[in-house]
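K.L.:
Structure in structure tokens, see below.
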Amino acid sequence: MTLPRIAVLASGRGSNLQAILDAIAQGRLDARLVGVFSDRLQAGALMRVPPELRWSARPSSFESRQAYERALGDALAASGADWIVCAGYMRILGEALIARFAGRMLNIHPSLLPRHRGLHTHAAALAAGDAEHGCSVHFVIPELDAGSLIAQARLPVEAGDTPETLASRVLALEHRLLPAVLRLAVAGRLSERDGTTYVDGQPRFTPLTLDSLERRMPHPEATP
Ligand code: GRF
């Protein structure tokens with residue numbers, strides 16, 4: 001059997017990549033990681049996989065952003081990835097690259113979208129006095145953090161929370177949410193058309209919850 005192929009775009013430490021690797025290793029995700037692609041030569045994420053799975057290039061060494069993204073797109077296409085996951089990839093992707101992989105590119109974002117797009121989401125949630133915060137997985141479109149939502153995980157903001165405490169609690173949820181969504185994706189149950197997410201061929205007008213995903217696929221760290 002040929003396993004569905006996942007590629008990950010990451011700029012940083014790669015803890016979400018690790019969550020994917022762990023889910024594969026523990027038999028919770030029937031897929032194969034075919035590459036980690038980074039805009040930072042020293043990204044910690046690259047070190048989590050063997051050298052033959054690493055691709056990195058400094059965008060400033062290309063003559064234009066388009067040229068960099070053509071090279072990245074060619075490398076992604078060569079990997080044969082069925083699904084491309086942005087997991088802490090800190091650059092805005094251009095239209096041409098996204099169009100090449102339309103409907104197959106996902107992003108994890110540390111907020112309950114549409115609240116708090118962009119950076120510094122934990123500070124923004126605190127500044128807004130939000131009672132709840134969390135993370136979202138969505139399809140990638142050219143507008144930043146604006147593609148159709150697939151799933152969200154939420155938690156209460158506690159008195160005394162700081163951006164750091166929130167970041168660490170949200171990150172733990174990200175590590176559960178992303179593999180759970182990928183499990184649906186690689187099972188062929190997830191698609192996107194005209195800005196709408198479809199699960200099992202049915203349009204979703206509200207994002208799936210982590211609870212509903214884990215009812216289908218218990219996570220070892222999930223509390224009963
Ligand atoms: C995560 O919080 C992700 O949602 C955000 O950047 C962080 C990446 O963390 N966009 P890691 O590199 O996966 O550890």
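For all residues, glycine too, the Cβ spot is worked out from N, Cα and C.
Note that TrEMBL annotation is computational and uncurated.
Positions annotated as domain 'Formyl transferase N-terminal' by TrEMBL: 5-182. Sequence annotations record features per position, and here TrEMBL assigns N(1)-(5-phospho-beta-D-ribosyl)glycinamide binding site to GLY14, SER15, ASN16. Per TrEMBL, (6R)-10-formyltetrahydrofolate binding site is recorded for ARG65, MET90, ARG91, ILE92, LEU93, ASN107. As annotated by TrEMBL, active site, proton donor applies to HIS109. Sequence annotations record features per position, and here TrEMBL assigns site 'Raises pKa of active site His' to ASP145. The annotation region 'Disordered' is assigned in TrEMBL to 196-224. Annotation source TrEMBL lists compositional bias 'Basic and acidic residues' at 212-224.
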K.L.:
Have a look around SER15 (N(1)-(5-phospho-beta-D-ribosyl)glycinamide binding site) and count the other CB atoms within 10 A of its CB, chains all included.
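P.N.:
Total other Cβ atoms inside 10 Å, all chains included: 17.
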K.L.:
State the count of C-beta atoms found within 10 angstroms of the C-beta of ASN107 ((6R)-10-formyltetrahydrofolate binding site), not counting that atom itself.
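P.N.:
The Cβ of ASN107 ((6R)-10-formyltetrahydrofolate binding site) has 24 Cβ neighbours within 10 Å.
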K.L.:
Determine, for the N(1)-(5-phospho-beta-D-ribosyl)glycinamide site, the additional residues of the same chain whose CB lies within 8 Å of the mean position of the CB atoms of GLY14, SER15, ASN16; present them in sequence order.
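P.N.:
Not counting the recorded site residues, we get ALA10, GLY12, ARG13, LEU17, GLN18, ALA19, ALA45, ARG48, ALA87, GLY88, HIS175.
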K.L.:
Kindly point out which of the binding-site residues GLY14, ASN16, ARG91, ILE92 have a C-beta less than 6 Å from some atom of ligand 1.
P.N.:
GLY14, ASN16
K.L.:
Secondary structure at ASN107 ((6R)-10-formyltetrahydrofolate binding site) (DSSP, helix/strand/coil)?
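P.N.:
In the DSSP reduction, ASN107 ((6R)-10-formyltetrahydrofolate binding site) maps to strand.
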K.L.:
Around the Cβ of LEU93 ((6R)-10-formyltetrahydrofolate binding site), how many other Cβ atoms lie within 10 Å? Please give the count over every shown protein chain.
P.N.:
22
K.L.:
Using only the Cα atoms of ARG65, MET90, ARG91, ILE92, LEU93, ASN107, which the record gives as binding (6R)-10-formyltetrahydrofolate, return the largest interatomic distance in Å, rounded to a whole number.
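P.N.:
Roughly 20 Å, rounded to the nearest whole number.
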